[in-house]
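Okay, so here's the structure we're looking at.
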Amino acid sequence: MSDIIDEVISSFRTSSIFVNREYLMPDYIPDELPHREDQIRKIASILAPLYREEKPNNIFIYGLTGTGKTAVVKFVLSRFHKKFLGKFKYIYINTRQIDTPYRVLADLLESLDVKVPFTGLSIAELYRRLVKAIREYDSQVVIVLDEIDAFVKRYNDDILYKLSRINSEVNRSKVSFIGITNDVKFVDLLDPRVKSSLSEEEIVFPPYNAEELEDILTKRAQMAFRPGVLPDNVIRLCAALAAREHGDARRALDLLRVAGEIAERLKDSKVKEEYVHLAKEEIERDRVRDIILTLPFHSKLVLTAVASMSSEDNVVLTTGAVYETYLNICKKLGVEPITQRRVSDIINELDMVGILTAKVVNRGRYGKTKEIGLAVDKNIIVKSLIESDSRFADLWG
Ligand SMILES: Nc1ncnc2c1ncn2[C@@H]1O[C@H](COP(=O)(O)OP(=O)(O)O)[C@@H](O)[C@H]1O
Ligand SMILES: [Mg+2]
């Protein structure tokens, strides 16, 4: 048995493609972040007062996914931390992962070395303890709240409001915030007081273009791949494909990494362009699967309805027709249906996440109607639905 393990490990170790795949992983923060010099300089100059142990202004950072927001903020803070040892503490919280008000406050407390139980305290009590902990803490604290849009949409901005007032409850201003959002329109959702307090400084991260992505990939690839296995045209293709998807560096890195993994799997000595196309399909499949697995039950039923109708040629699917099919499915499964209005909302949500297309068309005197279709391969959808809930298997017979 141990022979098999040794064999796997040694073939992994002696990868003919990668020196170290880790350098292409999304969490790895490189020493160089090309094309983000302006943002790095700006954030560093806002945070510079930490050197004199004074409170920097709060910063709000906007930009689409994969524009380097998380990487740049972590990069600047960790550099500062090394240089100004002991002059400040920084706490990073991704509020899409630490996703309840209780957990956010508990996490902040733990980072300040205050132990709290897993559950059971009130939010007000946690907040009281946080104020106390900060009052007793003898240096500046920088709190990074990443992907804050997801959190506020799920709850509301109460906790941001409370946190933004924390300085007025301690003896001297000690806490500064860096809020990061992928949703550019997000601030409109915030209470104006929260907005003005948290966005003393605003920084925008524009999408990368194809040439910028090429530079980024080239630097990361030099560390990750063995010399000579990665032709330039492969990097260029990954950059071009990701540039089409709003200049997402994460997507570009994923394409490159998965293309390399495919070369490795096929025991090829070089990464080829066709592997990038295969990588794109693989990534797309995983993305769709992840979305479908976490959909609420009725969204899955609506998706089933659309998918089952999409097999008929040339049918134009309207909300009404989808609703009819949806009602039939509910009957078959013996579940209580929801209203057509809600189903219509679900269709829009599935359009937003890119699984369905719902296009509003004007049909003259018949008024406006929605034309609905699948945005991704039907087989992927059906497979994922069945994987997520065995009841769907029966529907496809
Ligand atoms: N300028 C850059 N140079 C090198 N890598 C980058 C750069 N910008 C982004 N990346 C990498 O791309 C991925 C996505 O970046 P990230 O900071 O997570 O984006 P965001 O937080 O804006 O969604 C990460 O792996 C990050 O290291
Ligand atoms: Mg991020």
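Cβ atoms are placed via backbone N, Cα and C, with glycine included.
Please treat TrEMBL annotations as automatic predictions, because they have not gone through curation.
What TrEMBL records for this protein:
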| type | residues | note |
| --- | --- | --- |
| DOMAIN | 55-209 | domain 'AAA+ ATPase' |
| BINDING | THR67, GLY68, LYS69, THR70, ALA71, TYR208, ARG220 | ATP binding site |
| DOMAIN | 302-385 | domain 'Cdc6 C-terminal' |
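Sequence-distant neighbours of THR70 (ATP binding site) (same chain, 6+ apart, CB under 8 A from its CB) are ASN94, ASP146, ILE180. By the rule that a residue counts when its Cβ sits under 6 Å from some atom of ligand 1, the binding-site residues THR67, ALA71, TYR208 yield THR67, ALA71. Residue density at ARG220 (ATP binding site): 23 other Cβ atoms are found within 10 A of its Cβ, drawing on all protein chains shown.
Largest Cα to Cα distance within the recorded ATP binders THR67, GLY68, LYS69, THR70, ALA71, TYR208, ARG220: about 17 Å as a whole number. The Cβ of ALA71 (ATP binding site) lies under 8 Å from the Cβ of ILE29, PRO30, LEU33, ARG36, each of which sits 6+ residues away along the same chain. A C-beta separation below 8 Å, combined with a sequence spacing of at least six in one chain, links THR67 (ATP binding site) to PHE205, PRO206, PRO207, TYR208, GLY247, ASP248, ALA249. Secondary structure at THR67 (ATP binding site), taken from DSSP and collapsed to helix, strand or coil, is coil. In this structure, GLY68 is the one among the binding-site residues GLY68, LYS69, TYR208 with the smallest number of other Cβ atoms inside 10 Å of its Cβ. Checked against ligand 2, the binding-site residues THR67, GLY68, LYS69, THR70, ALA71, ARG220 give LYS69, THR70 as the ones with a Cβ under 6 Å from it, listed in sequence order. According to its DSSP assignment, ARG220 (ATP binding site) is helical.
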